[in-house]
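A.B. asks: Encoded as structure tokens, here's the structure I'll be asking about.
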Amino acid sequence: MPRETSTPATPAAPVVPPPPTASATRGNVVVALTGDYGLFLAARALTGAIQGLFIATAFTAGTAVVPPERMGRAIAVIISGVSVSAAVGVPLGTLIGQELGRRGSFTAIAVLATLMLIATSAVVPSVPGTGGGAGDQARYAFAPRVLAVLGLCFLVFASLYAALTYIVPYLEGVTGISGALIGVFVLVYGAATAVGSFSGGRFADQGAGRTLIVATIGAAVCLLALYLVGPVAFLVALVLPAWGLFAFVTAPSLQYRVVSLAGPGGALAQSLPASAINMGVAFGSFAGGAAIGGFTTSAAIITGLVIAVVAIPVA
């Protein structure tokens, strides 16, 4: 496990969120107005890339305006905001799209982005840059100890999504529940992930390395329990939220460790955990699906468990 520095370096932040927010606003306006399919795809790809840039910039600005001992909590607030926005935005966007069509939903997004741009420009302070050039940033951001934590990011979320992607078929086929009850199980799991993301900030401030070890072991134990008690709905209802809690309490600590270990390369390193997580999600979903294709629905849980066990020594 890479040694954690006691006082994280304040990352460089030459910009604050308005630039990516303004670009996202323009991209969504193009999506709302265009009738050309190629331009539509290009604008959607642009706004998707800008979303990653915005999140990285938000981490940079958010952690720069708090004292080092509260950096984990600042990270947790940003992660929680992203999680809540997805939970609220996806069904709301679907509803608007059903009522007003594609143009209506993207117009609403552009309006919200404009309001966010105004609010961010008025509230978020400008943060002076303190880092070196791109080469110096990259040298620190891609140091072996940082890459080790990024590998852990990959493994934690590969484990999670190998099982989570196929949790509904598992609940139907193994646990024997269906309909609205599945929605209740998933809702309880989702609430636990929100609690884990938010509370994880305080744990990161108290000891990110220790948090990652405990949470990674906890997630593996929960996956083993989920496999063993799968046919018992009551026990599954207890294991699911515990799994979500352990899995998502890691998120602030992963971000915290990457920035801490990157030191002067922290500004560049802010964007790397999200990339590692997305790669983990894609790999985990593929691995879980391949396991189900060769065996049974329970194989997805075992796949997640195997990856979680591999992650423990990395933590």
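Using the three backbone atoms N, Cα and C, a Cβ is placed for every residue, glycine included.
According to TrEMBL:
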type	residues	note
COMPBIAS	1-13	compositional bias 'Low complexity'
REGION	1-23	region 'Disordered'
DOMAIN	1-315	domain 'Major facilitator superfamily (MFS) profile'
TRANSMEM	37-62	transmembrane segment
TRANSMEM	74-94	transmembrane segment
TRANSMEM	106-125	transmembrane segment
TRANSMEM	146-168	transmembrane segment
TRANSMEM	174-195	transmembrane segment
TRANSMEM	207-228	transmembrane segment
TRANSMEM	234-254	transmembrane segment
TRANSMEM	292-314	transmembrane segment
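What's the neighbourhood like for these features in this structure?
C.D. replies: Taken together, the residues in the domain 'Major facilitator superfamily (MFS) profile' (1-315) have a mean pLDDT of 84 on the 0 to 100 scale.
Below 8 angstroms of C-beta separation, residues 1-2, 140, 182, 186, 189, 212, 216, 219-220, 223, 226, 240, 247, 250, 254, 257-258, 261-262, 265, 269, 272-273, 276-277, 279-281, 283-285, 287-289, 291-292, 297, 300-301, 303-305, 307-308, 310-311, 314-315 of the same chain, each at least six residues beyond the ends of the transmembrane segment (146-168), sit close to that stretch.
Non-local neighbours of the transmembrane segment (234-254) in the same chain are 72-73, 75-76, 79, 149, 152-153, 156, 159-160, 167, 171, 175, 185, 188-197, 199-201, 203-204, 208-209, 211-212, 215-216, 218-219, 222-223, 225-226, 273; each lies 6+ residues outside the stretch with a CB under 8 Å from one of its CB atoms.
Among residues of the same chain six or more beyond the transmembrane segment (292-314), those with a C-beta under 8 A of the stretch's C-beta atoms are 148, 151-152, 155-156, 158-166, 169-170, 173-174, 213, 216-217, 219-220, 223-224, 226-227, 230, 284.
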